[in-house]
Amino acid sequence: MADSQDDTMADSQDDTGPFLPPTISPPVLLSGASQTYFSPVPPQLLVDNTPCCLGVDEAGRGPVLGPMVYSAFYLPLTLSDPLLKQKHSFDDSKVLTPAVRLSLMKELCTKETELHDNCGYATSSLSPLSISSGMLKASKSQIYNLNQQAMDATIELIKGIYKRGVNVTDIFIDTIGQPAAYQKKLERVFPTAKITVAKKADSLYPVVSAASVVAKVTRDIALEVLWADRSKQMRKRKREDEAGVEKRAKLERGDVTGTTGTNGSDAMDADEPSQTQAESPEGAEKEDEEEVDEEEGETNEAMAWGSGYPSDSKCVTWLKQNMHPVFGWGPECRFSWGTAKDMLETKDGVKVDWPEEEEDEETQKLTDFFMAKRDSSEENVDELGTWFGAPAGVECF
């Protein structure tokens, strides 16, 4: 179930640190849960009941790593072209550079800017865990496929914006698949709106272009947050492994580490700092500087898993090198993707046999009511002999 973030939270950010849009909650992201966010509605849209257009687009449908993010963007109908297309040059997010996308998102999240004061948006970030758990059901009838998850995310975003009092009259949606069938489904859910579903809508309608930018920036930064956490875990594991190797080497050399001293206490390794040294401001400051240097190095280094797409050789290489034989990967991976499934089943993964659930013994089929019941002593009784009732003997006449 998706965690919903309150739209009353601040949507502008302090400039002292890396930009983190309000569409991302790191604790929720790292927990493996999905999350939704609705920005505050510009007050004048509610006061004037201004007719608005709304666009929906997604980012991250195909990757094996990271969330799939759906975004809905809305603003007054009359401002769509002048504000988005002509003044800010919104376009398909794939056409814009990362720097341009980030700049537009920052302005959208900054108070007292034209974009912030006239536009609203919402996102639904479907986590890899949520996507995979829906697609990997034991029974085919229970499978929650990606198309249905995408449709439900779109509907919930639009419903949430209507619920907040926005007068949406025109809806534009980018689609993968058959636009006509998708449009008919949405027209049944939102009969009062004029709905247009089209392929490449993110390059045709500015409001969809804006939605694509919000979705793309949200996904990109979510990947950075996931990578930072994964890198931190990898560095910690590396330090622990190195410490273990060093300790074993010392024991093999016959060092006194871990042996009892003459005063009855454990002898302290000469290479290890004393408690006084470790607790001193200078020692703590040195450790902090080393940690910061490591983190800055990881930040400046490009994400080793690349774009997260199965077609990216860097992504495939990273998956192979960082796969746990039992648990696979962390909250960044979609286990339902063929790339991940094949590695777990064919590489060094441990084969797991899941027991099938036994059917309820009391469950009966409809045909059971039309089958004659036999006792063990009546093996040769004709099945049709009792169809119209019990046979009558001569004593009845």
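Here, residue 1 is simply the first one shown, and the rest follow in order.
Cβ coordinates come from backbone N, Cα and C, glycine included.
If you look up TrEMBL, you'll see ASP57, GLU58, ASP174 marked as divalent metal cation binding site. TrEMBL lists 1-14, 285-299 with the feature compositional bias 'Acidic residues'. Residues or ranges marked as compositional bias 'Basic and acidic residues' in TrEMBL: 239-255. The domain 'RNase H type-2' annotation in TrEMBL covers 51-273. Sequence annotations record features per position, and here TrEMBL assigns region 'Disordered' to 1-25, 233-307.
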Task: DSSP residue counts for the compositional bias 'Basic and acidic residues' (239-255), split into helix, strand and coil - done: 15 helix, 0 strand, 2 coil
Task: All-chain count of other Cβ atoms within 10 Å of ASP174 (divalent metal cation binding site) - done: 24
Task: Near-site residues: divalent metal cation, ref ASP57, GLU58, ASP174, CB cutoff 8 A to centroid - done: VAL56, ALA59, TYR70, SER71, ILE173, THR175, ALA201, ASP202, VAL208, ALA211, SER212, ALA215
Task: Distant-in-sequence Cβ neighbours of GLU58 (divalent metal cation binding site), under 8 Å, six or more positions away - done: MET68, VAL69, TYR70, SER71, ALA150, ASP174, SER212, ALA215
TODO: List the residues of the same chain that sit at least 6 positions away from ASP57 (divalent metal cation binding site) in sequence and have their Cβ under 8 Å from its Cβ, in sequence order, or write 'none'.
DONE: TYR70, SER71, SER93, ILE173, ASP174, ALA201, ASP202, VAL208, SER209, ALA211, SER212, ALA215
